[in-house]
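Encoded as structure tokens, the structure appears first; notes follow it.
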Amino acid sequence: MSFFGVDFARKKERELERKLRANDREYNLSFKYATNAIKTSKYHFITFLPLNLFEQFQRIANAYFLFLLVLQVIPQISSLSWFTTVVPLVLVLTVTAAKDATDDINRHRSDNQVNNRKVEVLIDRKLRSEKWMDVQVGDIIKLENNQFVTADLLLLSSSEPLNLVYIETAELDGETNLKVRQALPVTGDLGDDIEKLADFNGEVRCEPPNNRLDRFTGTLTIAGQKYPLDNEKILLRGCTLRNTEWCFGLVLFGGPETKLMQNCGKSTFKRTSVDRLMNVLVLCIFGFLAFMCTILAIGNFFWERNEGSEFIVFLPRENQNGAGISAFLTFWSYVIILNTVVPISLYVSVEIIRLGNSFYIEWDRKMYYSRNDTPAEARTTTLNEELGQIKYVFSDKTGTLTQNIMVFNKCSINGKSYGDVYDYTGQRLEITEDTDTVDFSFNLLADSRFMFHDHALVEAVKLENPEVHAFFRLLALCHTVMAEEKKEGEIFYQAQSPDEGALVTAARNFGFVFRSRTPDSVSIVEMGQQRSYELLAILDFNNVRKRMSVIVRSPEGKLSLYCKGADTIIYERLHQSCSKLMEVTTEHLNEFAGEGLRTLALAYKDLDEEYFIQWKQRHHEASTALDDREGRLDQLYEEIEKDLLLLGATAIEDKLQDGVPQTIEQLAKADIKIWVLTGDKQETAENIGYSCNLLREEMNEVFIISGNSPEDVRQELRNAQTAIKPASDEDSVFLPQGTVSNGPTVVSEEVANGEYGLVINGHSLAYALERSLELDFLKTACMCKAVICCRVTPLQKAQVVELVKKYKKAVTLAIGDGANDVSMIKAAHIGVGISGQEGMQAVLSSDYSFAQFRFLQRLLLVHGRWSYLRMCKFLRYFFYKNFTFTFVHFWYAFFCGFSAQTVYDEWFITLYNLVYTALPVLGMSLFDQDVNDVWSFQHPQLYIPGQLNLYFSKKTFFKCALHSCYSSLVLFFIPYAAMHDTVRGDGKDISDYQSFALLTQTCLLFAVTIQLGLEMSYWTAVNTFFVLGSLGMYFAVTFTMYSNGMFLMLPSVFSFIGTARNSLSQPNVWLTIFLTSILCVLPVITYRFLFIQLCPTINDKVMFKVRQAKATPPPPPRRTRIRRTSSRRSGYAFSHAQGYGDLVTSGRFLRRPAVSRSSGFPNIGRPTTGFSPMGRSAGYSPTGRPQNTKTPDVEVTSLQMYRTFSDPAL
């Protein structure tokens, strides 16, 4: 098995360093590196049959039936025909093999689709179009704009100035914002010259294949000169090339050795908890079967010794075997006869039920997303009932909970809030798709996709309100966005985060258009006038600062510092004169936070020239220092970023997918715990947590775990634990190190004193997942209502899932939409893929897929719960009817000399599970439902019994066995007593074996059918037809097989001639059938009546409400949007990672000179334009309130003193 199997794993262990040479395939092939082909399928055409049979016979029941088949071909043992086992076994193996083959064919198609993509490869000094699978390590390939990166590449050159490329890494980390990579200058000189590239023979030495996405180490040797390689020069497979015409790269890792595939995790064969329980129960049943057979063999031994010698006087035997041999053969004979305790039809029925419930998921129109024409898809048919037992949901954020679309929603400028829409009475209106939008036609450079509804803001811009202008000027200058303008007027922004792009786009539409930048200048268009600001310094983001600033010099020579950041951070650095404005702005921030918006505060200050020159000198010294560089720079930043003047605040909406808050609320009511595992920033994840109801204001506390060492993380976890349960004994909560060394233990559920949330970042999570801390982390997290893990790698996502699986006796589900979620999806019991904006990698690796997160509640609360309920009812009933069937044989053995004679007709034994009882139980298992989907949503607590395994467990199985034992006693002894010394009405005897067999099997069939009727909650026409049809089929087949004609055709096969018409014509026979049926179901009815009256379950209560309603319940009341008025901030909306500041000021980002362009604006806002203000800008107010006035009691800032126009009329 060399395909990604044992050989590959062994080779990977041996590789300590990778060596390769460009354009030298012969040299690189000597190392036997993996090709670029990927393989996720399990079988080949030749290996399918042996491997699939090997897997299937690992199922204990299949191996058991194969063993029975061997026994049945031994004449001395078998009392049943061999075909009674062969036909069902072959049927089961065939159905399962066909399903596995279909699944694997789909994987092959997916693999072939990827492997057969085309890419241009430099071979023999020419660019040739080759398949991805034929690309090898050391090849030089050419990529073009919007192409997927073929393999892990060393960037050599690109079409952009200074050899930059822009890539989108959504498949790797879920983020759709662009990243920048830059080639070495020495390779960048190669350009797109094919001759130079073909002559390139650089040698690379680098790390072996690994799954670290954030680091790379290696060296490139050219002409004896070594150059260091890091992650900024590497393009990883799964990325997409953006805004770059072409680039060339050297293949370092291919196929399974790429970092993307290294993070995908292993494909494991998933089994449901019901399957695992079934394996345990089957082993118990085998033990019980052996116990019964041993008792009967011992009985045969004593019977042979005491009665056998007299018996053989009139019925001599062919072989005079002793009692011991007879008992031994009898043991194996009863193994065959009593094998119906685990019938092969059980597994056939289970596969059919799972297939049918999978179709229900795919056919569900309420899980169909019409916008993308995407239906729900059940990509596996073996896990349906597991959907009804989910306890933990692990979700990605970007693209799964959100649409990853940032929208400039509202803002507060100088104490006035903009963004809401009011009617003529002053009442705030709800903004819908029909609400009028602001007309930006005055701005020729506006982005047509941008929408804003409050006309007052654009009118304030047109009236040249100085505070509003300063607000948008700050947004146009204070950022690290890069602009691209290939055609005049068509500007495209490349932002490090969607938030930053949204703010710059907002400034653009309101008349402050960021157009271009150089390392030392920023060019913007202010209300139609081109202006260039000298860029003197960028004080960039980092994890601690939570803000960024720029220092610029205006064309008039004025020095200014513009700053934006988290409101709490900005407020600490404001001048005292801003106190009243800060109070008003805080109220607006609270309102924005209550709506789940991502907030940002804006401030500025004017700088003294002499002070700045002195500060700039100290800044240069600190930035070139070799020791404590970051600390010295932070001190300088703190020094200059103080005494700021507040301008206002922005509010950005990261649009959630439709229905996400309601879905999370429903799942929480179903006691499903949701953990968000995201590669995104902490603040971003927190904001989404609040807006989607994962984190709530009502929570007692939200703990932030951000320690930078194991000791810090341990202390923070224990502090959180103490806060959650102050009276808890630490020793009982946290196990000492090494406690679990002897094997995994199950961490019990602990109830917290209140509701808590937990947020932990990536570097702290790395420590928390260490063996010494994993139990501390797990126990603390499990006591919280919500957990958010930020900045996690794909592998860490899988490790968190594995941790919960290891120590919690619970079923897990992982849901995501990108390649960075694949390992998590594969690790969980159930994997769900969202077919969204980030490719199809998650979908291809998932068990179920759909287009929107909100469909998850229907998948779990409806389809999952129904599937689990149906499967449990099926198993309970199936074991009942087969145990009852088999136990009658056991009692009969005491009356037939332990001779292994069957109590039923052989044809009844053959058809009992295949014909007489197959369709009714399948009908129940495919159509039954306790309540409909509407009631399921109204009462999500109905889901909880599945999490607790209340419907089918070892205890339930034991009750089922006791019930079967009682029923078998009734079914054997009452017919036996009724037939004993009985005569017909005409005096003829009917107390023969055949009449007794017919009566017993008829009583059995009626009893199990009535029991099925009691189990069924939802009768349909199909169910009714199956139940009545199966009874009718029984009588039709019985009268046919017991007829004279069948006996005359095959006397040895159809020996029960006339038994049916002889027995079933007697009233006492029907009275016996009625009596046994009543006695079999009477305890069940009594038990259920008392149980419902004394301690009803949630199902009983809801079903009672349904019966009271007697109709479909009215639709649930429409949810009103609740506006929170909490003081908690929605948070800092920007990246905590280092921004593009260094790149901007270094000049490395430069592009070709832009085309010559006009300002794109008509001259507006000046007296010469003839601009005539209308509506509110003309002073009209429908509420009678003056417009564009300053908030009372807000102190005047320096900007309010300054006007850029002097028209006395205004």
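Using the three backbone atoms N, Cα and C, a Cβ is placed for every residue, glycine included.
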Checking 61-79, 80-98 against TrEMBL, the stretch recorded as transmembrane segment is 80-98
The transmembrane segment (907-927): which same-chain residues, six or more beyond its ends, come within Cβ distance under 8 Å? 80, 84, 88, 340, 343, 345, 349, 352-353, 356-357, 870-871, 873-874, 877-878, 881-882, 885, 997, 1001, 1005, 1008-1009, 1012, 1015-1016, 1018, 1020, 1022-1023, 1026-1027, 1029-1030, 1033-1034, 1037-1038, 1041, 1054
Inter-residue C-alpha distance, R791 (ATP binding site) and D821 (Mg(2+) binding site) (nearest angstrom): 13
Whole-number Å value for how far D396 (Mg(2+) binding site) lies from R598 (ATP binding site) (Cα to Cα): 19
Are the transmembrane segment (957-976) and the transmembrane segment (1069-1091) close enough to be called in contact, which here means at least 3 C-beta pairs under 8 A that are separated by 6 or more residues? yes
Using DSSP, what is the helix/strand/coil residue split across the domain 'P-type ATPase N-terminal' (21-86)? 31 helix, 1 strand, 34 coil
Which has the fewest other Cβ atoms within 10 Å: F541, R598, R791, D817, D821, the binding-site residues listed? R791
Long-range Cβ contacts under 8 Å made by the transmembrane segment (1026-1049), restricted to residues 6 or more beyond its ends, are 905, 907-908, 911, 915-920, 922-923, 998, 1002, 1005-1006, 1009, 1012-1013, 1055-1061
Among all protein chains shown, how many Cβ atoms are found within 10 Å of the Cβ of G679 (ATP binding site), not counting that one? 26
Within a 10 Å radius of its Cβ, which of these binding-site residues (D396, N820) has the fewest neighbouring Cβ atoms? D396
Restricted to the domain 'P-type ATPase N-terminal' (21-86), the mean pLDDT of the model is 82
